[in-house]
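What TrEMBL records for 38-152 is domain 'PurM-like N-terminal'. Annotation comment: TrEMBL describes Asp40, Thr55, Asp86 as Mg(2+) 4 binding site. The Mg(2+) 3 binding site feature in TrEMBL is assigned to Asp40, Asp86, Asp232. The domain 'PurM-like C-terminal' annotation in TrEMBL covers 164-321. The Mg(2+) 5 binding site annotation in TrEMBL covers Asp235.
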Amino acid sequence: MAPVAPRQARHPLSEFGLIRTLQRRFPSRDNALIRGIGDDAAVVAMPAGRHLVLTTDLLAEGVHFDLRTASFEDVGYKAAIANLSDVAAMGARPEHVLVALAAPAACAAPQILQLYKGLMAACRPYRVSLIGGDTSASANGWFLSVTVTGTVPAGSALLRSGARVGDAIYVTGTLGDSLAGLQLLSRRRPMAATRLPPADRRFLLRRHRRPLAHCRFGQLLGTHRLATAAIDLSDGLSGDIRHLCEESRVGAELHTAALPLSPALTAYAKAAGTDPAALALQGGEDYELLFTVSPANLRRLQRAAGEPGRRLTRIGVIQPKSFGIRLRDASGNLRRLPVTSYEHFRS
(Lines of atoms letter the chains of each structure in order from A and count residues from 1; the text may use other names and numbers.)
(Lines give C-alpha, C1' and ligand atoms only; values in the text may rest on other atoms or scores of the structure.)
Protein backbone atom coordinates (compact mmCIF):
# COMPACT_ATOMS: atom_id res chain seq x y z
CA MET A 1 0.00 0.00 0.00
CA ALA A 2 1.35 3.41 -0.94
CA PRO A 3 2.24 5.65 2.01
CA VAL A 4 0.01 8.58 2.76
CA ALA A 5 1.73 11.95 2.57
CA PRO A 6 1.18 14.36 5.47
CA ARG A 7 -1.48 17.01 4.77
CA GLN A 8 -0.24 20.56 5.13
CA ALA A 9 -2.91 23.20 4.69
CA ARG A 10 -0.67 26.20 5.35
CA HIS A 11 2.36 24.92 3.45
CA PRO A 12 1.24 22.33 0.87
CA LEU A 13 3.83 19.66 0.19
CA SER A 14 3.04 16.34 -1.45
CA GLU A 15 5.10 13.23 -0.90
CA PHE A 16 6.60 13.51 -4.37
CA GLY A 17 7.08 17.24 -3.91
CA LEU A 18 9.10 16.41 -0.81
CA ILE A 19 11.19 13.93 -2.79
CA ARG A 20 12.00 16.56 -5.42
CA THR A 21 12.84 19.10 -2.72
CA LEU A 22 15.22 16.68 -0.99
CA GLN A 23 16.89 15.82 -4.29
CA ARG A 24 17.48 19.50 -4.94
CA ARG A 25 18.61 20.50 -1.43
CA PHE A 26 20.76 17.48 -0.61
CA PRO A 27 22.31 16.22 -3.85
CA SER A 28 24.70 13.28 -3.59
CA ARG A 29 28.25 13.56 -4.91
CA ASP A 30 29.10 9.99 -3.99
CA ASN A 31 30.75 8.11 -6.85
CA ALA A 32 29.66 4.77 -5.36
CA LEU A 33 25.98 5.75 -5.61
CA ILE A 34 24.61 4.41 -8.88
CA ARG A 35 21.01 5.46 -8.19
CA GLY A 36 19.59 7.24 -5.15
CA ILE A 37 16.42 9.20 -4.42
CA GLY A 38 13.77 8.84 -7.11
CA ASP A 39 13.67 5.09 -7.78
CA ASP A 40 12.04 2.24 -5.86
CA ALA A 41 15.36 1.51 -4.17
CA ALA A 42 18.88 2.87 -4.08
CA VAL A 43 21.72 1.15 -5.94
CA VAL A 44 25.23 1.35 -4.50
CA ALA A 45 28.50 -0.10 -5.79
CA MET A 46 30.29 -2.06 -3.05
CA PRO A 47 34.07 -1.51 -2.76
CA ALA A 48 36.16 -4.66 -3.10
CA GLY A 49 37.57 -6.01 0.15
CA ARG A 50 35.10 -4.19 2.41
CA HIS A 51 32.13 -5.43 4.43
CA LEU A 52 28.78 -3.64 4.65
CA VAL A 53 27.75 -2.26 8.07
CA LEU A 54 24.11 -1.28 8.73
CA THR A 55 22.41 0.27 11.74
CA THR A 56 19.00 1.79 12.42
CA ASP A 57 17.35 3.77 15.21
CA LEU A 58 13.70 4.63 15.75
CA LEU A 59 12.75 7.86 17.53
CA ALA A 60 9.23 8.45 18.83
CA GLU A 61 7.86 11.79 20.01
CA GLY A 62 7.26 11.72 23.74
CA VAL A 63 9.74 8.88 24.26
CA HIS A 64 12.97 10.04 22.63
CA PHE A 65 12.32 13.74 22.12
CA ASP A 66 10.05 16.51 23.34
CA LEU A 67 9.15 19.23 20.85
CA ARG A 68 8.57 21.65 23.72
CA THR A 69 12.32 21.67 24.39
CA ALA A 70 13.81 20.47 21.08
CA SER A 71 13.58 22.06 17.64
CA PHE A 72 12.91 19.98 14.54
CA GLU A 73 16.49 20.66 13.52
CA ASP A 74 17.67 19.27 16.88
CA VAL A 75 15.60 16.11 16.39
CA GLY A 76 16.97 15.46 12.91
CA TYR A 77 20.54 16.12 14.00
CA LYS A 78 20.44 13.74 16.96
CA ALA A 79 18.67 11.04 14.98
CA ALA A 80 21.59 11.02 12.56
CA ILE A 81 24.24 11.16 15.29
CA ALA A 82 22.72 8.15 17.08
CA ASN A 83 23.30 6.07 13.95
CA LEU A 84 26.64 7.58 12.99
CA SER A 85 27.90 6.79 16.49
CA ASP A 86 26.86 3.14 16.09
CA VAL A 87 28.88 2.97 12.88
CA ALA A 88 31.83 4.62 14.65
CA ALA A 89 31.72 1.97 17.38
CA MET A 90 32.07 -0.71 14.69
CA GLY A 91 35.23 0.93 13.35
CA ALA A 92 33.43 1.58 10.07
CA ARG A 93 33.29 4.49 7.64
CA PRO A 94 29.74 5.87 7.31
CA GLU A 95 28.51 6.08 3.72
CA HIS A 96 24.75 6.60 3.26
CA VAL A 97 21.60 7.47 5.19
CA LEU A 98 17.93 6.52 4.65
CA VAL A 99 15.07 8.20 6.50
CA ALA A 100 11.53 6.97 7.20
CA LEU A 101 9.31 9.70 8.63
CA ALA A 102 5.74 9.64 9.96
CA ALA A 103 4.38 13.13 10.62
CA PRO A 104 1.06 14.41 11.98
CA ALA A 105 -1.43 15.20 9.24
CA ALA A 106 -1.56 18.86 10.30
CA CYS A 107 2.22 19.40 10.23
CA ALA A 108 3.79 22.20 8.22
CA ALA A 109 6.23 21.64 5.38
CA PRO A 110 8.95 23.82 6.98
CA GLN A 111 8.94 21.51 10.02
CA ILE A 112 9.80 18.51 7.85
CA LEU A 113 12.47 20.42 5.97
CA GLN A 114 14.02 21.69 9.23
CA LEU A 115 14.22 18.10 10.44
CA TYR A 116 16.06 17.07 7.28
CA LYS A 117 18.29 20.13 7.55
CA GLY A 118 19.42 19.07 11.03
CA LEU A 119 19.89 15.48 9.92
CA MET A 120 22.10 16.43 6.99
CA ALA A 121 24.06 18.91 9.12
CA ALA A 122 25.11 15.92 11.22
CA CYS A 123 25.93 13.81 8.16
CA ARG A 124 27.81 16.41 6.13
CA PRO A 125 31.14 16.36 8.05
CA TYR A 126 31.40 12.64 7.30
CA ARG A 127 30.33 12.99 3.63
CA VAL A 128 27.29 10.80 4.20
CA SER A 129 24.72 11.00 1.37
CA LEU A 130 20.93 10.84 1.69
CA ILE A 131 19.88 8.05 -0.70
CA GLY A 132 16.25 7.24 0.13
CA GLY A 133 13.48 6.68 2.65
CA ASP A 134 9.72 6.94 3.05
CA THR A 135 7.04 9.28 4.44
CA SER A 136 3.63 8.70 5.96
CA ALA A 137 0.96 10.53 7.88
CA SER A 138 0.77 9.71 11.59
CA ALA A 139 -2.26 9.74 13.87
CA ASN A 140 -0.10 9.88 17.02
CA GLY A 141 2.76 12.36 16.82
CA TRP A 142 6.09 12.24 15.05
CA PHE A 143 8.10 9.09 14.34
CA LEU A 144 11.50 9.04 12.73
CA SER A 145 13.50 5.97 11.70
CA VAL A 146 17.02 6.55 10.41
CA THR A 147 19.27 3.94 8.84
CA VAL A 148 22.96 4.55 8.18
CA THR A 149 25.15 2.27 6.12
CA GLY A 150 28.90 2.05 6.32
CA THR A 151 31.80 -0.06 5.17
CA VAL A 152 34.77 -1.56 6.98
CA PRO A 153 37.83 -3.46 5.73
CA ALA A 154 36.95 -7.16 5.65
CA GLY A 155 37.69 -8.79 8.98
CA SER A 156 38.42 -5.57 10.90
CA ALA A 157 35.00 -4.62 12.31
CA LEU A 158 35.07 -3.74 16.02
CA LEU A 159 32.70 -5.88 18.07
CA ARG A 160 31.45 -5.89 21.65
CA SER A 161 32.65 -9.46 22.11
CA GLY A 162 36.45 -9.13 21.97
CA ALA A 163 37.37 -7.85 25.45
CA ARG A 164 39.74 -10.06 27.46
CA VAL A 165 40.75 -10.16 31.13
CA GLY A 166 43.49 -7.59 31.75
CA ASP A 167 42.44 -5.23 28.95
CA ALA A 168 42.36 -1.55 29.86
CA ILE A 169 39.00 0.23 29.60
CA TYR A 170 39.00 3.64 27.89
CA VAL A 171 36.48 6.31 26.99
CA THR A 172 36.68 9.31 24.70
CA GLY A 173 35.66 12.81 25.81
CA THR A 174 33.70 13.58 28.97
CA LEU A 175 30.66 11.87 30.47
CA GLY A 176 27.30 13.05 31.80
CA ASP A 177 27.16 16.35 29.93
CA SER A 178 24.13 15.43 27.83
CA LEU A 179 22.12 14.36 30.88
CA ALA A 180 22.93 17.64 32.61
CA GLY A 181 21.82 19.52 29.50
CA LEU A 182 18.57 17.55 29.42
CA GLN A 183 17.92 18.34 33.08
CA LEU A 184 18.48 22.03 32.37
CA LEU A 185 15.97 21.91 29.51
CA SER A 186 13.38 20.00 31.52
CA ARG A 187 13.91 22.30 34.52
CA ARG A 188 14.16 19.34 36.86
CA ARG A 189 16.64 21.29 38.98
CA PRO A 190 15.58 24.96 38.68
CA MET A 191 17.96 26.22 41.38
CA ALA A 192 20.94 24.72 39.55
CA ALA A 193 19.97 26.57 36.38
CA THR A 194 19.98 29.93 38.16
CA ARG A 195 23.32 29.30 39.89
CA LEU A 196 25.16 27.96 36.86
CA PRO A 197 27.45 30.34 34.93
CA PRO A 198 26.00 31.11 31.46
CA ALA A 199 29.04 29.66 29.67
CA ASP A 200 28.62 26.33 31.48
CA ARG A 201 24.91 26.30 30.71
CA ARG A 202 25.60 26.88 27.00
CA PHE A 203 28.22 24.12 26.97
CA LEU A 204 25.90 21.53 28.55
CA LEU A 205 22.97 22.45 26.31
CA ARG A 206 25.16 22.14 23.24
CA ARG A 207 26.45 18.77 24.41
CA HIS A 208 22.84 17.61 24.65
CA ARG A 209 21.57 19.17 21.43
CA ARG A 210 24.66 18.82 19.23
CA PRO A 211 26.72 15.78 20.28
CA LEU A 212 29.43 14.49 17.97
CA ALA A 213 30.05 11.03 16.55
CA HIS A 214 33.64 9.79 16.73
CA CYS A 215 33.64 8.23 13.26
CA ARG A 216 37.24 8.94 12.33
CA PHE A 217 38.59 7.76 15.67
CA GLY A 218 36.49 4.60 15.46
CA GLN A 219 38.03 3.87 12.06
CA LEU A 220 41.49 4.42 13.52
CA LEU A 221 40.80 1.94 16.32
CA GLY A 222 39.58 -0.66 13.86
CA THR A 223 42.06 -0.15 11.02
CA HIS A 224 45.08 -0.26 13.34
CA ARG A 225 43.54 -3.04 15.47
CA LEU A 226 44.09 -0.98 18.60
CA ALA A 227 40.87 -1.97 20.39
CA THR A 228 39.71 -5.44 21.34
CA ALA A 229 36.06 -4.38 21.79
CA ALA A 230 33.99 -1.20 21.53
CA ILE A 231 30.53 0.25 22.10
CA ASP A 232 29.13 3.76 21.88
CA LEU A 233 27.70 5.42 24.98
CA SER A 234 24.10 6.01 23.99
CA ASP A 235 22.35 4.48 27.01
CA GLY A 236 24.88 5.52 29.67
CA LEU A 237 28.14 4.09 30.98
CA SER A 238 26.51 1.89 33.63
CA GLY A 239 24.35 0.18 31.03
CA ASP A 240 26.71 0.10 28.07
CA ILE A 241 29.61 -1.42 30.02
CA ARG A 242 27.19 -4.23 30.89
CA HIS A 243 26.36 -4.80 27.22
CA LEU A 244 30.05 -5.03 26.35
CA CYS A 245 30.82 -7.35 29.27
CA GLU A 246 27.87 -9.62 28.49
CA GLU A 247 28.96 -10.06 24.88
CA SER A 248 32.60 -10.62 25.89
CA ARG A 249 31.66 -12.83 28.87
CA VAL A 250 33.85 -10.86 31.25
CA GLY A 251 33.53 -8.56 34.26
CA ALA A 252 34.84 -5.03 34.75
CA GLU A 253 36.33 -2.80 37.43
CA LEU A 254 35.66 0.92 36.95
CA HIS A 255 37.49 3.61 38.91
CA THR A 256 35.17 6.40 40.04
CA ALA A 257 37.98 8.92 40.46
CA ALA A 258 39.08 8.37 36.84
CA LEU A 259 35.72 9.20 35.21
CA PRO A 260 36.31 12.16 32.86
CA LEU A 261 34.14 15.12 33.90
CA SER A 262 33.91 18.48 32.18
CA PRO A 263 34.28 21.63 34.32
CA ALA A 264 30.72 22.53 33.30
CA LEU A 265 29.34 19.24 34.62
CA THR A 266 31.25 19.64 37.88
CA ALA A 267 29.82 23.15 38.28
CA TYR A 268 26.32 21.91 37.48
CA ALA A 269 26.54 19.05 39.97
CA LYS A 270 27.69 21.45 42.68
CA ALA A 271 24.84 23.86 41.93
CA ALA A 272 22.33 20.98 41.86
CA GLY A 273 23.65 19.33 45.00
CA THR A 274 24.23 16.02 43.23
CA ASP A 275 27.14 13.66 42.62
CA PRO A 276 28.89 14.36 39.29
CA ALA A 277 30.05 10.73 39.10
CA ALA A 278 26.41 9.60 39.25
CA LEU A 279 25.61 11.82 36.27
CA ALA A 280 28.60 10.38 34.40
CA LEU A 281 27.50 6.80 35.10
CA GLN A 282 23.82 7.14 34.26
CA GLY A 283 23.84 9.81 31.58
CA GLY A 284 22.94 8.63 28.08
CA GLU A 285 23.35 10.29 24.68
CA ASP A 286 26.94 11.42 25.21
CA TYR A 287 27.84 9.30 22.15
CA GLU A 288 31.40 8.85 23.36
CA LEU A 289 33.21 5.60 22.57
CA LEU A 290 33.89 3.03 25.28
CA PHE A 291 36.59 0.59 24.20
CA THR A 292 39.07 -1.93 25.55
CA VAL A 293 42.77 -2.19 24.76
CA SER A 294 45.15 -5.07 25.40
CA PRO A 295 48.23 -4.23 27.53
CA ALA A 296 50.43 -4.90 24.49
CA ASN A 297 48.72 -2.11 22.53
CA LEU A 298 48.70 0.69 25.12
CA ARG A 299 51.77 2.45 23.71
CA ARG A 300 50.50 2.05 20.16
CA LEU A 301 47.20 3.62 21.23
CA GLN A 302 48.94 6.67 22.67
CA ARG A 303 51.03 7.14 19.52
CA ALA A 304 48.18 6.64 17.08
CA ALA A 305 45.53 8.57 18.99
CA GLY A 306 47.64 11.51 20.09
CA GLU A 307 45.69 14.23 18.26
CA PRO A 308 45.18 17.77 19.60
CA GLY A 309 41.74 18.11 21.21
CA ARG A 310 41.17 14.37 21.52
CA ARG A 311 40.69 13.27 25.11
CA LEU A 312 41.15 9.62 26.03
CA THR A 313 40.78 8.44 29.62
CA ARG A 314 41.61 5.08 31.13
CA ILE A 315 38.76 4.33 33.54
CA GLY A 316 39.22 0.71 34.53
CA VAL A 317 40.25 -2.83 33.70
CA ILE A 318 38.51 -5.95 32.42
CA GLN A 319 38.14 -8.65 35.09
CA PRO A 320 36.94 -12.28 35.04
CA LYS A 321 33.19 -12.74 34.66
CA SER A 322 32.93 -13.97 38.27
CA PHE A 323 34.12 -10.54 39.45
CA GLY A 324 30.97 -8.90 38.11
CA ILE A 325 30.93 -5.19 37.32
CA ARG A 326 32.14 -3.07 40.20
CA LEU A 327 33.14 0.46 41.07
CA ARG A 328 36.30 1.25 43.02
CA ASP A 329 36.09 4.58 44.85
CA ALA A 330 38.95 6.93 45.75
CA SER A 331 39.44 5.10 49.06
CA GLY A 332 39.88 1.76 47.30
CA ASN A 333 36.50 0.37 48.33
CA LEU A 334 34.61 -1.81 45.86
CA ARG A 335 30.85 -1.87 45.30
CA ARG A 336 28.61 -3.30 42.64
CA LEU A 337 27.74 -0.98 39.79
CA PRO A 338 24.05 -0.06 39.99
CA VAL A 339 21.92 -0.25 36.85
CA THR A 340 20.94 3.36 36.19
CA SER A 341 20.81 3.60 32.40
CA TYR A 342 17.61 3.79 30.37
CA GLU A 343 16.05 0.62 28.99
CA HIS A 344 12.86 0.38 26.90
CA PHE A 345 10.04 -1.85 28.24
CA ARG A 346 11.66 -2.14 31.68
CA SER A 347 8.96 -1.70 34.32
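Cβ atoms are placed via backbone N, Cα and C, with glycine included.
For the domain 'PurM-like N-terminal' (38-152), residue counts in helix, strand and coil come to 36 helix, 48 strand, 31 coil, using DSSP. Taking CA atoms as the reference points, Asp86 (Mg(2+) 4 binding site) and the residue listed as 'Mg(2+) 5 binding site' are 12 Å apart.
Here Asp232 (Mg(2+) 3 binding site) is positioned 13 angstrom away from Thr55 (Mg(2+) 4 binding site), judged by their C-alpha atoms.
Reported as a whole number, the C-alpha separation between Asp232 (Mg(2+) 3 binding site) and Asp40 (Mg(2+) 4 binding site) equals 33 Å. Least packed by the Cβ count within 10 Å, out of the binding-site residues Asp40, Asp86, Asp232, Asp235, is Asp40.
Using a 10 Å radius centred on the Cβ of Thr55 (Mg(2+) 4 binding site) and all shown protein chains, the other Cβ atoms total 19.
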